[in-house]
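Chemist: Here TrEMBL flags 27-227 as domain 'NADP-dependent oxidoreductase'. Per TrEMBL, the feature active site, proton donor maps to Tyr57. The site 'Lowers pKa of active site Tyr' annotation in TrEMBL covers Lys101. If you look up TrEMBL, you'll see His135 marked as substrate binding site. Residues or ranges marked as region 'Disordered' by TrEMBL: 246-278. Sequence annotations record features per position, and here TrEMBL assigns compositional bias 'Low complexity' to 255-264.
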Amino acid sequence: MSDSHVNATGGSHKLNTGFHIPLVGFGTYKVVGDDVMTAIDAALTAGYRMFDTAKYYNNEKELGEAIKVFFSIFFSPQFPFLQVLLPKHGLTRSDIFLTTKFFPERDDCRKACENFVEESLKNLNTNYIDMYLVHYPKPNVCDNDDEKNAEYRKVAYQVLEEAQAAGKIRSVGVSNYEIKHLEELKTHAKVPPCANQVEYHPHFVRKELHDYCKMENIFFQAFSSLARHEKALIEDPVVVELAKKHQTTVPLPASSPRMGSSSGRRNRSKIRDTGENR
């Protein structure tokens, strides 16, 4: 299959669906409103080609508008700067890898999740999404020990499988799943998850989970790879010395993907980059 991400800047990884995902991505958590357009323009200029959003981030529509501006082949008097931006980046939709995700819902989970997929396609101004994830193994409003969580996440995953079969999604995955959740998937999933997006950085090395994902051919993707810029990591003597060795700043070695270990990272934008990542 034709895949423009094979030679992505920073490298790529071949998912178990056959598609390649860039190893370095641009996370849009807490990037909202007018900041989205500015951030996406800067990210494209810097070479980013993977963009990560979610229902929880409340910015799918803004990201979709940015993409429409950058990639629409039709001139619109409403966006006269199209003539500048398109030649500037020289890209098409196939050059961009879009990831989004949703939490399972407690009320009428199937219908809600089906609506989420359709809403994402509309918001992102695209007829397919490269990778869609179940954001968390339970609804946001449910307690961790709710006995119905297993059914909620099962339905959510099934909806994504059905959307993939319909050509609306290329790759289906999960986020914040532990080994027990991934094992549970084996009891009902028709297709294995292509990825598991979890918090991962030098001060939170999840070796058992990482090794499990590698063994099961599940792409291990990190979020908060800079530990939310925590002082303890940014000023860690080992990290600082590594940065000096490579004549760069601390964030680069601290968030560098572990080449050859089926790992990648999703960098969070520094625009209003505060609070807990989800």
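Glycine is treated like the rest: Cβ placed from N, Cα and C.
Not measured: the values here are computed from a predicted model.
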Chemist: Among all chains shown, work out which of the recorded positions Lys101, His135 has the most CB atoms within 10 A of its CB.
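Modeler: Output for this query is Lys101.
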Chemist: Give me the Cα-Cα distance between Lys101 (site 'Lowers pKa of active site Tyr') and Tyr57 (active site, proton donor), rounded to a whole Å.
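Modeler: Cα to Cα, Lys101 (site 'Lowers pKa of active site Tyr') and Tyr57 (active site, proton donor) are separated by 10 Å.
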